[in-house]
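In what follows, a single structure is set out as structure tokens and then discussed.
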């Protein structure tokens, strides 16, 4: 505390306090800044008390002086009264006091009175200050005591809380230990059960395999036996033919001998010599051609599909030999069965022949060769950028902000269902964007997007990090060998953690330039637009480094990004032009479909007359809906396009039939036991990519017990013929973003068909999965509900051996199955014949209760045996 603060607290002037401090022997240099120590404050207080006492003493002395003066004046007055006359005379004779002296006396008196009053005020102020200080100290001590009390209470409460937490933690640990022991026991039981099932399954498979091998060996023996019979019959036929020829010649020789009787002996000798020569020649020929010295290796020209009989003829072997070889390879075939090129080449190589694979698409190769010669007028083209990433990480929202349109609201559930292609003009240049879906079911569509792109922008949410589809997108980008730019989205959220994203991506091999890698990172927000300009700049920088070029004229080439069937416009294909120019009126070949371009539209629906490289367009006029990913090329005329399309359709049909026949017998053996249930489905969707994604996802749900059988797929609305096919096959129709026609709806209502509409793919997957779970046979689990110990055995003429028991645990039920255990070994399984308590028949007996029971068809119950009662519970199985 400084001097000024102390003076203010004591309510005295600073000068007076300085006088007191100097009288106390304390040196002060700065009134405002010098701080008084506690010892100095005590010394000042003591000096002020001493000064107060001194002042009081002086005051008392002054009062006594005044009193004596007053007494003397009274005596003088009396004397004056007695001597009035003399006094008057003396007063008149005395010298008078001047006014100046009187004023001085009055001033001195007033000064003394003021000094006394000031001292009294100072003393009073000092006492008040001391009282205030004492009161403040008392309040401070009270607050300190109260604070210490609160701290003690807080410490005590914290100790109680810690004790409660420790007790709760111990209780939780005990519960966790009990739960783990229970789970371990259940896991052990499940493992034993699974082991038994596995052993039974392996045993069944071994039996089936042995049976199949036995049938195969029997078939091989039948073929060999048939061949031996054929060879024996052929040999017998040759011998009989020779014998007939030999007999007829001898007859003719005999006749000639009779006619020429003079030369009979010479004729017989000539005939015998001639016959011996023919016999030797026949023997030599037979030995030379029946058993070749070395196998003959021939060059076999194998087309894309060939029957078993035609392949055997080309190799100059019997069809039975070829069938036998395929049986040894594990395939059961017939002589008229179609083989694909790969299988035929494998068989030819196995039988020691050389093969040449033929291509029957010379016209197609000629068209492709003409298109590849288009190398003139090369210009810089816009980069094709594919937006990839996990579902709900903001891919479409990011592209939506760049395009300044609302697309997400139009997607079902805010999830992109198929690839969208957009051409965006920015201040820095033109960029073509492909927006791919992030749901797990659309793997094939993301792979197509990576294959037709120049740059992949991987969108990762800053608050979610790396997810399964993020990893898959990285793999697609690496497989396509395209550069990867990472856009860390949702940076406007408080929980955004870009460092975590960089760390997780580095584990997948995507390392940012900040960490010494080669991948560009942009931190953006699709909601606020933060970092969008930086992302576009990095895309264009990467495009400049790639030096993207394409022919600006000549034959147009591209790829089908997506296709659908529009009710009013027919087949509509989204095509990305990669080189050359596509014009309205050109003849186009897209996969197995062809047609003349009737109209070309951009992403905004504006009609175009022509489209150059890196331009996405919607094309109308094809004969059908091509598959997503099919190559597109402009052909010279419609006749040539039709020939190539028909050739491709025929070959696709042959290959499909060959593959179906290849697995037909295997499926027959697998389904012979009739244990596999099937869920038959028909899939109709709006675009080809959704059909593929939905079909692939549903096929992956198949198990050993329940299989998904997709009888047909297609795009467009559901027609009456679709419903008839579904009804004939007892199939459920999955309608994805399409609707049924009026006739089809009426037929479904009349016949009771099953039609389901979906707009989000995982809802369809979940419903089919639930239907498949309903076809799974439930798991039967045995739960022990009671245990009793046999204390005595009684013999009854009516019931045989009756066991007197006491229920140790749970309860015994009369109608539940039981086991008889002796030394913890099951010696009998059956059911109770009777259950009594005293003389009354009861349905159940609980723990701690005695009872008598009889085991049906079992009389060897002994004292010490245990009766275990259990029940079988059906548990619904999950896929």
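Backbone N, Cα and C atoms are what each Cβ position is placed from, and that goes for glycine too.
Every protein chain considered, the tally of other Cβ atoms within 10 Å of the Cβ of residue 491 (GTP binding site) stands at 20. Mapped onto three states, the DSSP output places residue 491 (GTP binding site) in coil. Annotation comment: Swiss-Prot describes 389-396, 435-439, 489-492 as GTP binding site.
Residues or ranges marked as compositional bias 'Basic and acidic residues' in Swiss-Prot: 60-72 (among others).
Among the features that Swiss-Prot reports, compositional bias 'Basic and acidic residues' is placed at 83-99 (among others).
Swiss-Prot lists 107-163 (among others) with the feature compositional bias 'Basic and acidic residues'.
According to Swiss-Prot, the compositional bias 'Low complexity' annotation covers 164-173.
Marked as compositional bias 'Basic and acidic residues' by Swiss-Prot: 174-216 (among others).
The feature compositional bias 'Basic and acidic residues' is assigned by Swiss-Prot to 228-271 (among others).
Marked as compositional bias 'Basic and acidic residues' by Swiss-Prot: 280-291 (among others).
Swiss-Prot lists 380-549 with the feature domain 'tr-type G'.
What Swiss-Prot lists as region 'Disordered' is 45-216 (among others).
What Swiss-Prot lists as region 'Disordered' is 228-293 (among others).
Note on the region 'G1' (389-396): mean pLDDT across this stretch is 81. Residues annotated as region 'G1' in Swiss-Prot, with similarity to another entry given as evidence: 389-396.
If you look up Swiss-Prot, you'll see 414-418 marked as region 'G2'.
Look at Swiss-Prot and you will find 435-438 tagged as region 'G3'.
Summarising the annotation, Swiss-Prot assigns region 'G4' to 489-492. Nonlocal intrachain contacts for the region 'G4' (489-492), taken as residues 6+ away from its ends with a CB within less than 8 angstroms of a stretch CB, comprise 393-394, 397-398, 459-464, 498, 523-528, 530-531.
Secondary structure from DSSP puts residue 395 (GTP binding site) in a helix. In this structure, the binding-site residues under consideration are 389, 392, 395, and the one with the smallest number of other Cβ atoms within 10 Å of its Cβ is 392.
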